Amino acid sequence: MEEGSMFRSLLAILQWWGFNVTVIIMNKWIFQKLDFKFPLSVSCVHFICSSIGAYIVIKVLKLKPLIVVDPEDRWRRIFPMSFVFCINIVLGNVSLRYIPVSFMQTIKSFTPATTVVLQWLVWRKYFDWRIWASLVPIVGGILLTSVTELSFNMFGFCAALFGCLATSTKTILAESLLHGYKFDSINTVYYMAPFATMILGIPALLLEGSGILSWFEAHPAPWSALIIILSSGVLAFCLNFSIFYVIHSTTAVTFNVAGNLKVAVAVMVSWLIFRNPISYMNAVGCGITLVGCTFYGYVRHMLSQQTPGTPRTPRTPRSKMELLPLVNNDKLEGKV
C-alpha cells in the first residue's frame, strides 16, 4: 500500500473512531450527567438531525448522488427496514440509559452470534463449522462479562441484548428488502431517518413529554443542556459521513479490525470519564469478546477468499459491505 493511501486509511479510521466514540459518550453524558433520562426523545432528536443533514448533503450541497427509490418500494421495502432501524437505535439508547458504556458495547459484540443463529433457525442457511467455532470465544466472553459486571442492570442488559437481535434482523432483512439498491450510509439515512422520526415521534411525545417538561423546569441550565442534546444529534449525522469515508478508504479486513479496536477505545474513554467500576475478570471477558469478534471476521474473510473450485457457504461474505465491523451496527444505521 502506498504511503499516501496508508495515511488516508489511518485518517479515515481515526475520524471514524472520533465521531463514534464521541456520540456514544455524549449520549451517556446526557442520560447520566444531564439527568435527561428520555431515550426515545434523544433518539428522535438524532433522527431529525440526520434527516435534515442527509437532505442538505444530497439535495442542497449535492455531495452524494441520490439513489432513486420507487414510491411503492419506499413503503414496501424502506418502511419495514426503517421500523427495525428505529427499534435498533432506541434499544441502544435505552441500554445506555441503564448500563455503563463498557458493558453495553461488549454486549453488542454478541451481534455476530445472533445473526448467524437467526439465519440458521429462521432462514435455514448453512454455515461452515469454522464460523460456528469462531463464535465460541464471543459467547464465552459475553457470559464472563455479564456475570462479573459490577453495575449490572437487568433492564439495560435485556435492552442491549434485544438490540443485538434487532441489528441482526435489520442486516438479514436488508439482504432481501434492499436487494437491487446499492445504498451507502448517507442514502440509507436519507430514506430511513424520516420514517423513523414518524414512527417514534408520537410514542416519544406521549411517554416522555410530561417528564421532559418537568425536567426543563427543574434543571438549573436547561438551554445549555438542550444545546448538548442537539449537538449529539448533529454529530450522529456526521458519523454517517465518516462511515462512508472509512468504507471507501480501507480494506475489509482493516475495517473489521478497526471496528473491534474502536470498541476497546470507547470502553477505555468511557471508563476515564465516568469511572464505572470494572473488575479484572470483567475486563478479561471484554477482551475475550473483542478478540473473538476479530477472529470471527478473519474466518469469514478467509472463507470469502476461497478459490472458485472450493465449496462456499451460502452466506460467505462476497464484498466489503458484508464485512463491516461485527461489534457495531454502523452499516445501515450509521448511529443516528
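Any Cβ shown, glycine's included, is placed from N, Cα and C.
Beyond its flanks by at least six residues, the transmembrane segment (11-31) meets 37, 39, 42, 93, 96-97, 100-101, 105, 225, 228-229, 231-232, 235-236, 238-239, 242-243, 245-246, 249-250, 254, 258, 262, 265-266, 269-270, 273-274, 328, 330, 335 of its own chain at Cβ-Cβ distances under 8 Å. Positions annotated as transmembrane segment by Swiss-Prot: 11-31 (among others).
What Swiss-Prot records for 38-58 (among others) is transmembrane segment. Long-range contacts of the transmembrane segment (38-58) within the same chain: residues 27, 30-31, 64-66, 86, 89-90, 93-94, 96-97, 186-187, 189-190, 193-194, 196-197, 200-201, 203-204, 207-208, 211-212, 215, 229-230, 232-234, 236-238, 240-241, 334, 336, each at least 6 residues beyond the stretch ends and with a Cβ under 8 Å from a Cβ of the stretch.
Look at Swiss-Prot and you will find 83-103 (among others) tagged as transmembrane segment, backed by sequence analysis. If one looks beyond the transmembrane segment (83-103) by at least 6 residues along the same chain, the residues whose Cβ comes under 8 Å of a Cβ in the stretch are 24-25, 27-28, 31, 37, 39-40, 42-43, 46-47, 145, 149, 151-153, 155-157, 159-160, 162-163, 166-167, 169-170, 173, 192, 195-196, 199-200, 266-267, 270-271, 274, 276, 278, 282, 286, 329, 332-333, 335-336.
Sequence annotations record features per position, and here Swiss-Prot assigns transmembrane segment to 131-151 (among others) based on sequence analysis. If you look at the transmembrane segment (131-151), the same-chain residues 6 or more away from its ends with a CB under 8 A from one of its CBs are 99-100, 103, 106-107, 109-110, 112-113, 116, 157, 276-279, 281-282, 284-293, 295-296, 298-300, 303, 313.
Among the features that Swiss-Prot reports, transmembrane segment is placed at 154-174 (among others). Away from its own ends, the transmembrane segment (154-174) comes close to residues 80-81, 84-85, 87-88, 91-92, 94-99, 103-104, 107-108, 110-111, 114-115, 118-119, 122-123, 146, 329, 331-333 of its chain (Cβ-Cβ under 8 Å, at least six residues beyond either end).
Marked as transmembrane segment by Swiss-Prot: 193-213 (among others).
Sequence annotations record features per position, and here Swiss-Prot assigns transmembrane segment to 227-247 (among others) based on sequence analysis.
For 254-274 (among others), the entry in Swiss-Prot reads transmembrane segment, with the evidence type sequence analysis.
The feature transmembrane segment is assigned by Swiss-Prot to 278-298 (among others), with sequence analysis given as support.
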With the transmembrane segment (227-247) as the reference, which stretch in 193-213, 254-274, 278-298 has the largest tally of C-beta pairs below 8 Å?
254-274
With a Cβ cut-off under 8 Å, give me the same-chain residues at least six positions beyond the ends of the transmembrane segment (278-298) that come close to it.
102, 106, 109, 112, 131, 134-146, 148-150, 253, 256-257, 260-261, 263-264, 267, 271, 323, 325-327
